[in-house]
Structure formats: C-alpha cells, structure tokens
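Q: Have a look at the structure that comes next, please.
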Amino acid sequence: MGRGSGTFERLLDKATSQLLLETDWESILQICDLIRQGDTQAKYAVNSIKKKVNDKNPHVALYALEVMESVVKNCGQTVHDEVANKQTMEELKELLKRQVEVNVRNKILYLIQAWAHAFRNEPKYKVVQDTYQIMKVEGHVFPEFKESDAMFAAERAPDWVDAEECHRCRVQFGVVTRKHHCRACGQIFCGKCSSKYSTIPKFGIEKEVRVCEPCYEQLNKKAEGKASSTTELPPEYLTSPLSQQSQLPPKRDETALQEEEELQLALALSQSEAEEKERMRQKTTYTAHPKAEPTPLASSAPPAGSLYSSPVNSSAPLAEDIDPELARYLNRNYWEKKQEEARKSPTPSAPVPLTEPAAQPGEGHTAPNSMAEAPLPETDSQPITPCSGPFSEYQNGESEESHEQFLKALQNAVSTFVNRMKSNHMRGRSITNDSAVLSLFQSINTMHPQLLELLNQLDERRLYYEGLQDKLAQIRDARGALSALREEHREKLRRAAEEAERQRQIQLAQKLEIMRQKKQEYLEVQRQLAIQRLQEQEKERQMRLEQQKQTVQMRAQMPAFPLPYAQLQAMPTAGGVLYQPSGPTSFPATFSPAGSVEGSPMHGVYMSQPAPATGPYPSMPGTTADPSMVSAYMYPTGAPGAQAAPQAQAGPTTSPAYSSYQPTPTPGYQSVASQAPQSLPAISQPPQTSNIGYMGSQPMSMGYQPYNMQNLMTALPGQDASLPAQQPYIPGQQPLYQQMAPSTGPPQQQPPVAQPAPTQGPPAQGSEAQLISFD
C-alpha cells in the first residue's frame, strides 16, 4: 500500500460505482495521477482493480475494465509488469468463460486484442500475444480493432540513481550532507543543488516535489512562457484606436518645468516642517521618558481616508509662510553646511541612491538632489539607542509581519503621492495648494527615519549572519582537522596494536622455541638415563654370567657327590607306596643358579653337610662318579601277592604304566627284599612332557668315567625335555616302579602310569634290585 491508499480506494469505488450512467473520467484520471506520482503502488492498484473486475455486478466489472484500460495506457511500465503476466491473462480467460454479460465479454476481448497489439514488440510481455493467439484458435470472436486504440503514450518518472557524491557540485555525502533525488531526472543531489520544489505535469505529478536546479529552470521556463502569453494585452485593446496612439509622454515646455520646480520646493518646505515637528516631539519624549521607544507608524502616518481629503483651513496658514521658508531653502551654503555636519555625525544614514526613488516625483533632474539631502541633517539630533530598538524588538519576538506592513504602507504612500502629483501636473494645478500632497509628503517624511532604522537593522543582521557563516566555516574546518587528527590517532593506535601483536607473536615464537629446546633436552636426558639403565642391566647380566661361569668352574674343580640327590628324599606313606615328588623342593643351605632346573647336577651344589645315607646301598669307594651316570637305587620289590593298580586309576596317558615283575639281580648290589621297610631316597626329576626311557633290567657295566666339564654340560637340563633326541631310548630297558609292601599294614600301590610293554628281554624272576639311569 502507499500513502494515498485511502484516496485511491475512494476514487476506485467512485469510478466503478454501479449507480453510474456513464464512465467517470475525472475519477479515473485522478487514479492514474495517484499511480504515476507514486502515492499508490502499481501492484496494490492492479490487485484492487482485479477485485472490482471479478465483481458479480456486470456494471461494476465493466467500469473496472475501463479503469484498467486507462491505467495501462497512462501509468507506464510498472502497471504493464503487473497486468501483462500469465496470472492476469489466466484470470481474464476464466472471467470470460463464466461471464454471461455481452458488454463485459466484448470488453475483455477488446482489451486482450489491444494489449497484444501494443506489446507485440516486447519479449517480456509475450504472454499477452500467446493468450490472444490461443483464444483465436479456441474460436473467440474479437471485435473490430483500430490501431489508435493500442497507442500508449505514458511517460513515467525515471528511476532514482544512487551515488556517493552530488551529481552537480560533486560534494561527498556524509552525516551532514544528505542525499536528495530529483523527481524529474532521477539524479542524486545535495541539499543546496536540489532546494527547489515544482510540479511535473508530464509525469502526472500535480503536487510540488523536490527537483534540481536545471530541471526547475526548465519546468518554470515553460510555465513563464505560458504565463507571458496569457498576460498579453487583450484583443479588444489591440483592435481599438487607442492602441494606435503613441505611448510616449508628451514633451514638456518651460511652463511644465517651472511647475515641477515649484513642486519640488513645496516638498522641501513640507519636509522641513515635518522634521521640525518630529524634533520637538522627540525632545519632549526624551525628557519625560529617556529610554522610550519611538512612536509607532500608525501615530505618525495619517489614516487612509485623510490622504485624499482636502482641508482648506489647514493648508491656509502654511501658504502664508511660503516666502521666508522659500528664501531659506534657496540658500545653498546652508544646505552644504548641513551635509558636512551629517557626514561628521556618528549616526549611520541610508545611502543617497536608496532614497531617490521614494522621493523622486517625476522626471526632474535638479530637484531630487535637494530633496534627498533634506532629511540628512535631521539625523544628527537622533540618539543611537533608538536605532537599535527595532532590531532588539525583532530579536525579542517581533515578527516580520510588522516590517512587511510598514513597507507596504510606505509603498502605498509613495505610489499615491506620485500619482497625485502626476494628476496635478496633468490638470495644471499647483501642488502647493494641494493639501493631500502635503499630508502624503508629511507621512512619507515621518516614515523615513524608520526606514533608515530598518536598513540599519538589516545591515546589522547581515553582518551578524556573515559572522555566523564565518564561525560555521571555522567550525567546519575545525571539524575537518579534528576528524583528520582522529583518523591519524586511530591509525597510530592500529599501528601500535599491530606492533604489539607482532611483538607478542615474536615472544610466543621465542618461548615456543625455548620450550622445544627444553623438550629436546628433556628427551635427550631421558634417553641417556634409559641407555644408562640398559648398560647397568647389561652389566648385571654380565656379572650373573660371570658368577655362573665361576660356579661352573668351581663345580668342575670339586669332586662329584656319590649321591647327587641324597637330600631329595620322599617319605613313604602309611601303605608303603613311594610317590614321585610333583614339584621342586627347596632345601636349606642350597644354591640354585638362574636357569638351573631342579634335579640337575648344578642344583644343590652348595648344600650343607650331606646327611648320612640311610639307604641300604653304600657308596662306591675311591672312585670318581661319571656325571652322565646317576646313582641307581635298589627298590625293594613288593609282596608276592601285590598286584598292579587297575588302569582306571592311571594318571596321564603319556606316562608309562606300572608293571610288576621280578628284577634280575645285578652284580655288586645286594637284595633288600627281606629288610624292613624304610625311607628310600626319592628321585626328583624335572617335569617332562614325553615318555622317559628308563634303564632296563639288563646288566650294565659300572665303569665310571672321569668327572669333566664336557660331561657336566651334557648333563645340564638346559635342553628342551620335549625333544626325544635328548632322551635316548635303550633297547631292552624296562621301566620299573617298585611296589613296596611294608611289614605292617595292608599292601598299597603306587599310582599306576601307562607304560608300554617291554620289547626286549624276558622278565626277571625273584625279588631283586634294578638299576635305573636318568639322563
């Protein structure tokens, strides 16, 4: 909506009223003017007209179509964009289908045909041409078309141009200097270059809008040309014989010149009398009220009705004193002295050329000088304070209307005075006997000091405002300098901030570099510590290796024990069954090097004093034990009635089964079958995952080899027990777990172990000991 939406709605309702008998062209033209001058937006106007077109009343629809036709023809491109589109064309087609009124249908067809012809060269309005062709194909009969109906001559206001400087004076826009657009040309101007207001009839703008100086001159030039043609003389005067007469004034003879001189003398006489009266009045006023203001104009000027009155009695005494006064005014030295005194007086006076037009009565050339010089001496007696009175009154709230009234009264008095004198001159009357001329002269003479005061006030005001302009210019320069200083200060602050930021970045970079160096040093120290720890660990490992080597050398130098496993004994259970120890057993006063296995020759080297052998087998005297040979124990055989444990109670399936047999007697060993049960030394072996080959019951040679380092290293358990190559299997060897039957209590059996049957050698008979070897 626009600012004139209410007016537009009212005019649209009036133009489309169902009570109309004919088209209301006045309202339609006003609607067009509202749209053209921008008071109503084109989109809003077209939508409102569409609503009227779709009204059920055919009269309203017909008048709305008339309004739409006029708007399209007169309002330019903005309305064309709203009407010549697909939506509007579809709405008109739908209205044509459902409308039964013939006049409305014909009007719709007429408009579509006219718009299609008018917009035939506009590509963006091609939808109108397409709609027209489609409707022709559909069989609609269009009315007779005249090309004059499609003539659109609508000028619209140009689009506004945006810029940062004035189009005329090139002043940059800012906070104080604002942008203004000319409604006639669309350019952008400052306030000084676009201070004029004018109507633009060619754009339909009937109200005064802002225009630039060139457009204002162009528009007003046309208006003045039209006005001059209208203010010419009427044709009746031109055809009359009066116009054929010469308009030049008649030549004056000596008599006329003499009368004019007498008139000037009479004016001077009346002026002197008026000055004298004014002087006396001011003296009485100043003595009573020293600071009183001068009397207003109404008291000094006679009423308008008395200007043309001719009181004979008042003019008679003035005529009697003509001769002495006339002699005084003819004295040139007197007036020259008055002029010199007026020049020396401090009171400013009006310039002579300004007073000449008011006092000049006619075409005389000599008398105006004396008339202009007459009021000058009288200004000497006037004080300076009254001169500033009107100006102070004006500053205290006196409006300009009083000055306008004063000037109008003075102008009327002067014009009346001049006309009266001309009339007297034309009739040949003497002006000295005309009381109206004298009264007018007196009133004009009274107004003259006030006119001088007004001129002084205007001069003072001009000086005052010039001073203000100078101060404004100084303020403007100061603001410019201040703005420059502020900009320079901001630039300095920005540079300082940038420098501080750069220094901060440099410091941060230095700190980061120092921290990186410290980190590298810390990592280097950590690496050195780690290397040192590794070296210490390596030294400890070397020391342990040296200790192991020394231990091995000491073992190699020491004699071998006859029974290396003498301290490893297993206590028999109550049933007399011997169990193999399930794990290594620690004994006091022993030394076990790292990596040694319990049961090896290295294990238990530094044992305390060996306990005496409790077994029934004495050690071999005077011989050196072979490290590859392990002392054999003779296990007593069990009772004859003892049987092997059932297979259900067997241990791991990989272990050899128990087999009860009679060991064959071996030379050099005694049978202990008849001895009482006693604790036998248990044989501690390292855990093995494979079957261990035991020595069979065949006789073996008991020759011992010397105890050397090579045999000791071969006897160490450092090799993997799971390798079968290191566990040689001796053919004919019979593994033997002896079942022992104690003398007291029922016979018990050892846990049976799965054992393959012997492959070589017949089983031995009798209760004999068996030699068992452990590698």
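The backbone N, Cα and C atoms fix where each Cβ goes, glycine too.
The feature domain 'VHS' is assigned by Swiss-Prot to 15-143. Annotation source Swiss-Prot lists zinc finger at 160-220. The Zn(2+) 2 binding site annotation in Swiss-Prot covers Cys182, Cys185, Cys212, Cys215, and the record cites sequence analysis as its basis. Residues annotated as region 'Disordered' in Swiss-Prot: 223-319, 338-405, 640-690, 719-775. For 225-541, the entry in Swiss-Prot reads region 'Interaction with SNX1', with the evidence type similarity to another entry. Summarising the annotation, Swiss-Prot assigns region 'Interaction with SNAP25 and TRAK2' to 443-541 and lists similarity to another entry as the type of evidence. Taken from Swiss-Prot, the feature region 'Interaction with STAM' covers 452-570, and the record attributes it to experimental evidence. Taken from Swiss-Prot, the feature region 'Interaction with NF2' covers 478-775, and the record attributes it to similarity to another entry. The feature N6-succinyllysine is assigned by Swiss-Prot to Lys549, with a large-scale study or a structure entry given as support.
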Q: Quick check: with Cys182, Cys185, Cys212, Cys215 left out, which same-chain residues have Cβ atoms within 8 Å of the centroid of the Zn(2+) 2 site Cβ atoms?
A: Arg183, Ala184, Gly186, Gln187, Phe189, Ser194, Val211, Glu213, Pro214, Tyr216
Q: Fill in the CA-CA distance, Cys212 (Zn(2+) 2 binding site) to the residue listed as 'N6-succinyllysine', as an integer in Å.
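A: Each residue's Cα considered, Cys212 (Zn(2+) 2 binding site) and the residue listed as 'N6-succinyllysine' end up 118 Å apart.
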Q: So if I measure Cβ to Cβ from Cys182 (Zn(2+) 2 binding site) and keep only same-chain residues at least 6 apart in sequence, which ones fall under 8 Å?
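A: Looking at Cβ-Cβ distances below 8 Å from Cys182 (Zn(2+) 2 binding site), excluding near sequence neighbours, one finds Ile188, Phe189, Ser194, Arg210, Val211, Cys212, Cys215.
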Q: Quick check on the domain 'VHS' (15-143): DSSP residue counts for helix, strand, coil, in that order please.
A: 95 helix, 0 strand, 34 coil
Q: Express the predicted model's confidence over the region 'Interaction with STAM' (452-570) as a mean pLDDT, rounded to an integer.
A: 89
Q: Could you give me three numbers for the zinc finger (160-220), the DSSP helix, strand and coil residue counts?
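A: Computed counts for the zinc finger (160-220) are 11 helix, 18 strand, 32 coil.
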Q: State the count of C-beta atoms found within 10 angstroms of the C-beta of Cys215 (Zn(2+) 2 binding site), not counting that atom itself.
A: 21
Q: Per 10 Å Cβ neighbour count, which of the binding-site residues Cys185, Cys212 ranks highest?
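A: Counting Cβ neighbours within 10 Å, the top one is Cys212.
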Q: Ten-angstrom check, please: count other Cβ atoms within 10 Å of the Cβ of the residue listed as 'N6-succinyllysine', all chains counted.
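A: A 10 Å sphere around the Cβ of the residue listed as 'N6-succinyllysine' contains 10 other Cβ atoms.
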Q: What are the DSSP helix, strand and coil residue counts for the region 'Interaction with SNAP25 and TRAK2' (443-541)?
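A: Per-class counts: 99 helix, 0 strand, 0 coil.
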